[in-house]
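What TrEMBL annotates here:
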- 71, 73, 220, 308: Zn(2+) binding site (BINDING)
- 100, 193, 223, 308: substrate binding site (BINDING)
- 63-411: domain 'Amidohydrolase-related' (DOMAIN)
Ligand SMILES: CSC[C@H]1O[C@@H](n2cnc3c(O)ncnc32)[C@H](O)[C@@H]1O
Ligand SMILES: [Zn+2]
């Protein structure tokens, strides 16, 4: 290939690179060779300097880095709407865990993850962090969809359809790491469920293994006030203090939810480089509370954004999640300047990439990074006129304005059509699972 030959040149009316110190660009082009961005330059110059196999002119579009959903349980898409309007522990103990005990299997996780992948691609997510059972099925579905995923293998004290107990989960996790970690679009990690379901021994083992294998750890932490009260009554420690004592507060940990935080605990997170994953819609729907986003960011904690699973959110829409996060941060801090739109977009892209240890590869549009890109059409009456395209994306746009998505230079969505998954088939299969599941719970 000659020096000025590219595979793809994307010209866009606006480009938000999200790179450190980068500003919004107008009439620029992103140049892609193979799976990598090789140039970002004014459109007029790109026309002079680059020849390409494919050229797209996105004249009414904002081009952004692919959204990083930093916490979900993809296969739970098949449980969307199964149990609503309940608080966390009733939802989990009385509905979700019994349903998982009955239905979760390799084929369930494969089909549920495919359904979630279709939804995520159509909403502009290019990378998702998954925390669920049967990681091989998640890996297979992800690779087929063309998405990128960080797969956190489960760890709990009690048995599930996947494993008999901590030793078994850890063995299955290391097997999955061996099998999948060399796939360029996958990364692996450990997913101890929560402080109230994993005891000290297995947590220490997971940390040792994560250090040995250089992997991230994801855990639900401080999701509700009840979780903390129960822990204090049980062993005298708040869960975060216990994780600190065990050595888990490090840049390896993604602490999901964190709705209850003392100022001292925010300092621990900042000092140790622990990441927080904020899931505002799930927290609101389960009435769990909300994470003090403004305080966390002021303290210098890296915050990523996640949807949580579709059984508690009930969608995997990162554009909606950005809006919820922005409005909640302002409402809670009583500061209209808390979390401006550009900062929210950064959380939903580079913040997630940092938390997953992938910021050298994804999260911003820079030469040398992977070509994970999303085009959003702003020429709809709902997003007109455009003074500030990023504000329009966060405060006014909807996910169906995502028109095109690329991961590692490969198109997964073209003019709203899925290219790697059959939409009608996904709907059909979801309906079949619903009939089975609903049929038995009557
Ligand atoms: C081993 S992780 C999968 C496990 O987590 C459950 N889960 C889904 N959402 C939540 C949440 O918000 N808090 C706690 N646990 C959650 C899921 O149903 C699986 O059992
Ligand atoms: Zn979760």
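Glycine too: its Cβ is placed from the backbone N, Cα and C atoms.
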Binding-site residues close to ligand 2 - of 100, 193, 223, 308, only those whose C-beta is under 6 Å away:
308
Distance check against residue 193 (substrate binding site) for the binding-site residues 71, 73, 220, 308, keeping those with Cα within 10 Å:
220
In the structure shown, which of the binding-site residues 100, 223, 308 has the fewest other Cβ atoms within 10 Å?
100
Of 71, 73, 193, 308, the binding-site residues with C-beta less than 6 Å from an atom of ligand 1, in sequence order, are 73, 193, 308
DSSP state at residue 100 (substrate binding site), helix/strand/coil
helix
Roughly how many Å lie between the Cα atoms of residue 100 (substrate binding site) and residue 73 (Zn(2+) binding site), rounded to a whole value?
12
Indicate whether residue 71 (Zn(2+) binding site) is helix, strand or coil by DSSP.
strand
So, three-state DSSP: helix, strand or coil for residue 308 (Zn(2+) binding site)?
coil
What average pLDDT is reported by the model for the domain 'Amidohydrolase-related' (63-411)?
98
Could you tell me which of these binding-site residues, 71, 73, 193, 220, has the fewest other Cβ atoms within 10 Å of its Cβ?
193
